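Here the structure comes first, spelled out in structure tokens, and everything after it is commentary.
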Amino acid sequence: SISNIPPVLLRLHFHDCFVEGCDGSILIENGPKAERHAFGHQGVGGFEVIEQAKAQLEATCPGVVSCADIVALAARDAIALANGPSYEVPTGRRDGRVSDVSLAANMPDVSDSIQQLKAKFLQKGLSEKDLVLLSAAHTIGTTACFFMTKRLYKFSPAGVSDPAINPDFLPQLQSICPQNGDVNVRLPMDRGSDRTFDKQILDNIRNGFAVLESDARLYDDETTRMVVDSYFGVLTPIFGPSFESDFVDSIVKMGQIGVKTGPKGEIRRVCTAFN
């Protein structure tokens, strides 16, 4: 559905940048070993939107705009479409010449501990603050029950649910995602505000209403908890940090991971294949 497009394009940008840098490597379709088939990219979509944009650009000015830039620009537009902040995206990325399923083995995972999440982001030059803000991209969109099974039914060896889930919220989650139910059923990641790009996701995390396990973990750690809380102080509206402008800083920074320029990359004619 059309309302689903913004979160899908935002997620595509993140998944592209976290493997081989922001180089369009996730778009390549070169058989079963293609990066896009990695387990860590499960459920990633929006490929056809990028293809359509590329086709229009090639018809107008061939060989000028890379697929990697299109992905970054699409994420920017997606955020604006969800009433999020508008921002400028630096362009000039080239498309990478490598796509391999094994390279996506270390994607952040919903079941990662806060230590693992911090380490994976640090490897990409992203701080604990960036981890919080980029996780807050879950303010829009849905997830599948597939990603909830462990959190709801197998969080510990004893087969109990994650104690971080607010007890009023647990039965709601379990009714949407019953044990041994359909794992493809989808639920909003930001309870009560999944169509609007705002900081409610962070308030939900503070109050035990995080849907994804990795989002809940942001409140387990002193450093990341302080970042989350910094957006809710009494004086925050006047003196405190702005969630929107901080998010923009983090996503622009993310969009510069491992960027290839000049002869290090190419401008693909079609996004699914190397030239």
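Cβ atoms here come from the backbone N, Cα and C positions, even for glycine.
Automated prediction, rather than curation, is the source of TrEMBL annotations.
Not measured: the values here are computed from a predicted model.
Copied over from TrEMBL:
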- HIS15: active site, proton acceptor (ACT_SITE)
- ASP16, VAL19, GLY21, ASP23, SER25, GLU35: Ca(2+) 1 binding site (BINDING)
- PRO108: substrate binding site (BINDING)
- HIS138: heme b binding site (BINDING)
- THR139, ASP190, ASP198: Ca(2+) 2 binding site (BINDING)
- CYS17-CYS22: disulfide bond (DISULFID)
- CYS67-CYS271: disulfide bond (DISULFID)
- CYS145-CYS177: disulfide bond (DISULFID)
- 1-275: domain 'Plant heme peroxidase family profile' (DOMAIN)
- ARG11: site 'Transition state stabilizer' (SITE)
Residues within 8 Å of the ASP16, VAL19, GLY21, ASP23, SER25, GLU35 Cβ centre (excluding the Ca(2+) 1 site residues themselves): CYS17, PHE18, GLU20, CYS22, GLY24, ILE26, GLY96, VAL98, SER99, LEU103, GLY258
Average pLDDT across the domain 'Plant heme peroxidase family profile' (1-275), rounded to a whole number: 95
Site of maximum Cβ density within 10 Å, from binding-site residues ASP190, ASP198: ASP190
Candidates HIS15, ASP23, GLU35, PRO108, ASP198 (recorded positions) - the one closest to CYS67 (disulfide bond) by CA: ASP23
Same chain, 6+ residues apart, C-beta under 8 Å of the C-beta of THR139 (Ca(2+) 2 binding site), given in sequence order: ALA82, GLY84, MET189, ASP190, SER193, ASP194, THR196, PHE197, ASP198, LYS199, GLN200, ILE201
Spatial neighbours of CYS177 (disulfide bond) that are distant in sequence (at least 6 apart) but have CB under 8 A: CYS145, MET148, THR149, LEU152, VAL183, VAL185, LEU187
Cβ-based isolation winner (fewest other Cβ atoms within 10 Å) among the binding-site residues ASP23, GLU35: GLU35
Subset of recorded positions (HIS15, ASP16, GLU35, HIS138) lying within 10 A of CYS22 (disulfide bond), CA to CA, in sequence order: HIS15, ASP16
Residue pair GLY21 (Ca(2+) 1 binding site), the residue listed as 'active site, proton acceptor' - Cα distance, angstrom, rounded: 9
Cβ neighbours of CYS271 (disulfide bond) where a neighbour is any other Cβ within 10 Å: 23
